[in-house]
Amino acid sequence: LLGTGESGKSTFIKQMRIIHGAGYSEEDKRGFTKLVYQNIFTAMQAMIRAMETLKILYKYEQNKANALLIREVDVEKVTTFEHRYVHAIKTLWDDPGIQECYDRRREYQLSDSAKYYLADVDRIATSGYLPTQQDVLRVRVPTTGIIEYPFDLENIIFRMVDVGGQRSERRKWIHCFENVTSIMFLVALSEYDHVLVE
């Protein structure tokens, strides 16, 4: 599977795993919890930065403080979803300024799953939260390196190779082409008018 970063290569593999493989056990899903939280913080931080760049104002004054609180979070260290952050993110998401910023998302880099997660923060913030299959499918984690996934379809073994799509990862692609019978190049239809992050 080839394509630029965020073109859907890993999502395609996840779909294949759900449809034709073993799917995701409860333990597998639990492993995505932290990543869902991180995706929420990453999305909100991207919008907070874009608010400044696009010169959009918050309608509600308290959201300046909420933005500062969320902006200072080190996303890599996020493992839980504390109430003060949940409240800040919900309040920010409800601000007309952030909604205008979201509507202009093609002008900056924002994950496709941002609205999906931000509109469902209450469910995700509950104690004992276990990601659904849809939550798992929408998690954005940049692929680094080369990962092979075998699938058995009607007694035929398919080996799909997922490679990182970021520019720095593309030089590794050539090593994948020995004994290859098919190549799928994926393109995200939702990004035809977006600015490429690189």
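Here the Cβ of each residue, glycine as well, is placed from N, Cα and C on the backbone.
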Correct range for region 'G3 motif' (source Swiss-Prot, candidates 68-77, 108-117, 148-157, 158-167): 158-167
Candidate with sparsest Cβ neighbourhood (10 Å radius) among Gly3, Gly5, the listed binding-site residues: Gly3
In sequence order, the binding-site residues (Gly3, Gly5, Ser7, Leu137) whose C-alpha falls within 10 A of Thr143 (Mg(2+) binding site): Gly5
Close in space, distant in sequence - Leu137 (GTP binding site), Cβ under 8 Å, 6 or more apart: Thr11, Lys14, Gln15, Ile18
